[in-house]
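Colleague: Got a structure for you, questions after.
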């Protein structure tokens, strides 16, 4: 039972961390290697919120706003010239991640920061005392996934985004301002990543390099998911399960690389991953 | 593209001469440098020079072949760890040092074979190869962490016996090694065989259809450069006396890419200078302003990627060629090959298609196609847009396409065969939009078309270019024979079409597939192509299948015409029977409405 709960909550955390990256990859076909930096920015928003004496939950909207604002600038300055050079975009966003990481270091120092707990304590469930926060993560993942789906399926921007995903040239020919769709998508994706950074603070230590540790896992999940939130949810459940099982029964170190290795093998066998139409 | 101005005279020597002279000068500099530098600099630069050699291997993969890799760090680390593990746990007698040397090359090469197999397969994308190169160092690092006493886990291995050299000695060893690696890379990329790397980067589909397997080229290069990286790791473990998990990691892999990007990808000197300068500057400055240095480096990296994709060396070279009018490399002398005695018509069919069908979901594009083409036949495939002509061509030339029924080329069922294997059976395919190598010269393109038959030299540019007479005719008739050194990106539309046809003919195929070879060409160019196709089929006994919209052209040159309509073969007969049939008029010219 404990393992089942661990699987579900691990999957939820993976989903939260990957959602922003997926939103960007799905529409822009660009891999945002600064994703780790956005997670870090979000976590430091929690630090700032605490220093300002705000309610810890206020860090969530703050992080989304800061992440989206930074995303807007980054799309405009860095991503836009590189849409035709996707491999270079990986590198440029990686460089951006370095820059952001160093700026954070200069501002806050490289020490580990303490953030207030969003939700503490445990809850009795199925005869176990389980971390309340990890259970909350499941709810948060469902909320994020649900609102992304609603945004994509139910709004005008979502409709345009889907048009851009399917056939960008045609979308442009139909008068859709694809540049604006991309800008909006990148801003939202970056905002989601920063939001995820806040949600990570109770689970991990906050320091300028915290994002990098999460980047590779998120990246591999997104590669396997292709561009669909449903596929991402499935991938998170499957890989979360593998990670938990390997960590529990074999070794935590192998567990930490199981997602990456498994994703690489899945992509070798089925290049489209879980994203089959 | 490297300047090949010295490759003028016959023989390979001049092409090698200039780099060798430069390398000797660099080696001399490396030899005297330790006398003039302080201990700190000698120490740091020893490491920087080894990193420079590693940067060259990254550049060969990324800058020249287009494979963005973070994995060289892991091969380097594997070589370093192999060395340190042998010396720590097994012994440090000369025999064990030799064993460490051998293992430091062989272990990374074996890993390289695994990575190559994972990264490169028919239909794999460049992004996927980068993904693998990213996962691989992470896996290696984690294995090092979990290696317990054997790998020293997070503290690494230290205190093993190294080669009996002093600090300047290691500096010279590292320096000479870096010079040799750079020299080897330089000579190789300027050679005919080195053009393969650029060809794979430019157009891997065209490589396949020239019978060159791009996956094989990429995988072999990965294995070879894994060995070089491992050897670099051996020297690093010797010179530094310590190996740590960071030496294998993904972050180190990204640093290598940053050095290559700033120095100049696609050049040899750029990455060498980039690695040495940045690593040395980093070691010097990071004591005083550690975060600022990283910040500057990161910002410079972003700016260079966006604004100067070929780095500082690339920018300097462009400026240089603008000031100094480019001295054109002399064209190789073209030599005609004796025509292969082709079997006359009436022999076994070269192409047999039975019951071929192709569906995309519920949409049926091809259905029940039966077709046989014999030597000497020139079969035109006509039909309105959307009839399935191009799809048919693709099924004929790529056995990995999912389709029903069977396709036999020269008596072999091609199901599951990649294009390069079908090309080896004697097929040549010309695409609708000319598929050539934009960064190469006309002569280089033609030489690559012969690469599957005449092994290109890895040392220099050959002074002659051997081509079949028919291929030469195409060059003469279109004037390309006087433009052999012209970069392909400067050619006109018609010249590109002619060049691609000449390349396909240079394969000496028994069966040629041509997809609208005359689209967008002038009347004169069309006549030329018609003449050549008739000569290939009637005189040389090739078989050709031609997709064509121009019915006059079809009437002029075909021996047989096949009509494809709605995914089915509706007519198959002589020119007169088909072109003048009511059906063709109806579906093709819309005459039924007249």
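Backbone N, Cα and C atoms are what each Cβ position is placed from, and that goes for glycine too.
In case it helps, TrEMBL gives these features for our protein:
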- A:12-30: transmembrane segment (TRANSMEM)
- A:37-54: transmembrane segment (TRANSMEM)
- A:60-79: transmembrane segment (TRANSMEM)
- A:91-110: transmembrane segment (TRANSMEM)
- A:130-152: transmembrane segment (TRANSMEM)
- A:181-200: transmembrane segment (TRANSMEM)
- A:212-242: transmembrane segment (TRANSMEM)
- A:249-269: transmembrane segment (TRANSMEM)
Colleague: Who are the chain neighbours of the transmembrane segment (A:249-269) in space, where the CB to CB distance is under 8 Å and they lie at least 6 residues beyond its ends?
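Modeller: For the transmembrane segment (A:249-269), the list is 14, 216-217, 220-221, 223-224, 235, 239, 242-243.
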Colleague: Using a Cβ distance cut-off of under 8 Å, indicate which of A:91-110, A:181-200, A:212-242 has the most pairs with the transmembrane segment (A:12-30).
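Modeller: Answer, by Cβ pair count: A:212-242.
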Colleague: Return the stretch with the most CB pairs under 8 A relative to the transmembrane segment (A:91-110), choosing among A:37-54, A:130-152, A:181-200, A:212-242.
Modeller: A:37-54
Colleague: Grab the same-chain neighbours of the transmembrane segment (A:181-200) for me: Cβ-Cβ under 8 Å, and only residues 6 or more beyond its ends, written as numbers and ranges.
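Modeller: Residues 13, 16-17, 19-24, 27-28, 32, 35, 38-46, 59-60, 63-72, 74-76, 79-80, 83, 118, 137, 140, 144, 148, 151, 157, 160-161, 164, 171, 210-211, 214.
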